[in-house]
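Have a look at the structure below before the remarks.
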Amino acid sequence: MKKITAERGGVLRCKGWRQEALLRMLENVLENGENQKELIVYASLGKAARNWPSYLAIVDTLKQLEEDETLVIQSGKPIGVFKTHRQAPLVVMANCNLVGRWATSENFYDLQDKGLIIWGGLTAAAWQYIGSQGVIQGTYEIFQSIARIHFGGNLRGRFILTAGLGGMGGAQPLAGYMANAAILCVEVAEERIDKRMAAGYLQRKTDSLDEALLWIDEAVSNGKSLSVGLLGNAADVYPELLRRGVQPDIVTDQTSAHDLLYGYIPSGYSPESAGVARREHPTKLQAAAGASIANEVKAMLEFKKRGAVVFDNGNNIRSQAVQYGVTNAFEIDIFTEAFLRPLFARAIGPFRWIALSGEAEDIRIIDDYILKEFSDNDIVSNWIKLANTYVPFEGLPARIGWFGHKDRSKLALAVNQLVREGKLAGPVAFSRDHLDAAAMAHPNIMTERMKDGSDAISDWPLLNAMLNCSSMADLVAIHSGGGGYSGYMTSAGVTIVADGSEESDTRLRTALDNDTGLGVLRYADAGYEQSLAEVRTKGIARIDTHRYETISSTVK
Ligand code: NAD
């Protein structure tokens, strides 16, 4: 089969731009994905569709879909088309949701093998992945936050140790470079290192630890930014660095440690031999992966003890380590709670826009608008300047920017106006990561140690998805964890298309403001001061039940 790439240009294959946009987004996740043959986009198992017949059926259906119809998708398989109305979403989907008690990795793999379910990652099955650039600002903001808290505001002359150069982890070397650090990324698969070098995300590669350390030492001494990919296994390299007395300033890991069967490659295995072991003795492979993770996490804890800033970057590595005997793994901080929560509490999070025309110039025009209109927003203007200089486009040209409540809709409405006036080559799709204020419950990532203890309550992403449907978004998705994430998370995704129409104005304003509005209220409900301030300054209609406490005591 011919390699799938996203359609570019102004010719529609569907009955309207909204449908065409979603089709291009689907093609785009595959264009940017890690293993197109298997429909795998990232995180080892995150798929764009159930299987090839489902993919082809989705493509055909989107081409036929009327403006007043809704396509229903269950775990990457199209189920039916329903007559709804022009303000309804064109696509709704639920991917990999298992009933609580049954949400285990074993059940997931069993149902997956029967062809009944897939794990959609967050943005894979919801057709929102835009390549490694999708997480790059998040990774950069983490490094910046560490710089502010621990290193006097700058990582120049600092050494970051990490692992994993996959679909998401591939953003780490460039984010580290942009934050002025010297970053060493351990990766077990050479083709992943090569892919990041070809994409311009990674500068140097070697299979020699000695050479890697020489380069890093030199960069640290001269205060130079540098990214190095080291071919090796993190479970071997981290303890070896300790043995040699090498002490990084910052340590993390973004291998696919969440999945012991399909993700993390144990010490002594290559990706190929792990593939064979997966078929021939899966239980032994999982045990080996668990043991290797335990060794790596023990090393991370020791780095912490020796003074490094050590954090979990959202791959469940601590939970796996606990299962394999490292009872104190949770002494390692989670990045959200340690570094990003003040932003999420104001619903500032990873917002994205994709130029459906395929023209990079459209993104540059939007960059210029942002630099002019958001010049007082330091996070955004600093990032857009950096992204413009350093971040190469992958697939359809796209940009990420950490915008919050009202700012997202201000940007989207301005872009819709540019589309309407013919100043852009085509419509633009707006989306965001599921790791967003209202959109994710994950007690070991997004909602760890919430102020009110509401970590495991998954009402919020469900409410978020329902509200986005009511708010006329074009695509709404509800996901839960699969594979190693089974039982760990629930999240919601949303996409809205700026096609230049006045209807789009209404959709963008309503869906984007309600999406972030609920995000602010979720954190306000948990008692975060920043959220309560945002409620007041931005006039979000919060119902304050505390006001009714005195009255209710008289009712009783
Ligand atoms: P991926 O499967 O595309 O890539 C993982 C990489 O790790 C692969 O290249 C693999 O070869 C490498 N690897 C596996 N075991 C290794 C080992 N022992 N030593 C060295 N390299 C090893 O996954 P991804 O999309 O890059 O995601 C990585 C993890 O990050 C996942 O657990 C994912 O869920 C998580 N994630 C976090 C965030 C966030 O916001 N922090 C966002 C997205 C994904």
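Cβ coordinates come from backbone N, Cα and C, glycine included.
Annotation comment: TrEMBL describes 167-169, Glu187, Arg192, 233-234, 254-258, 264-265, Gly483 as NAD(+) binding site. Sequence-distant contacts of Arg192 (NAD(+) binding site), defined as residues of its own chain at least six apart whose C-beta falls under 8 angstroms from its C-beta, comprise Leu165, Gly166, Gly170.
The predicted model assigns the domain 'Urocanase N-terminal' (4-127) a mean pLDDT of 97. What TrEMBL lists as domain 'Urocanase N-terminal' is 4-127.
Here TrEMBL flags 131-339 as domain 'Urocanase Rossmann-like'.
What TrEMBL lists as domain 'Urocanase C-terminal' is 342-535.
The Cβ of Thr255 (NAD(+) binding site) lies under 8 Å from the Cβ of Ala163, Gly164, Gly166, Gly169, Val188, Ala234, Gly263, Tyr264, Ile265, Asn315, Ile317, each of these being in the same chain and 6 or more residues away along the sequence. Checking the binding-site residues Gly167, Gly169, Thr255, Tyr264, Gly483 against ligand 1, the ones with a C-beta less than 6 Å from an atom of that molecule are Gly167, Gly169, Thr255, Tyr264. DSSP assignment over the domain 'Urocanase N-terminal' (4-127) gives 43 helix, 24 strand, 57 coil. Cβ-based neighbour count (10 Å, all protein chains) for Gly483 (NAD(+) binding site) stands at 24. If you draw a 10 Å sphere around the CB of Tyr264 (NAD(+) binding site), it holds 33 other CB atoms from the protein chains shown.
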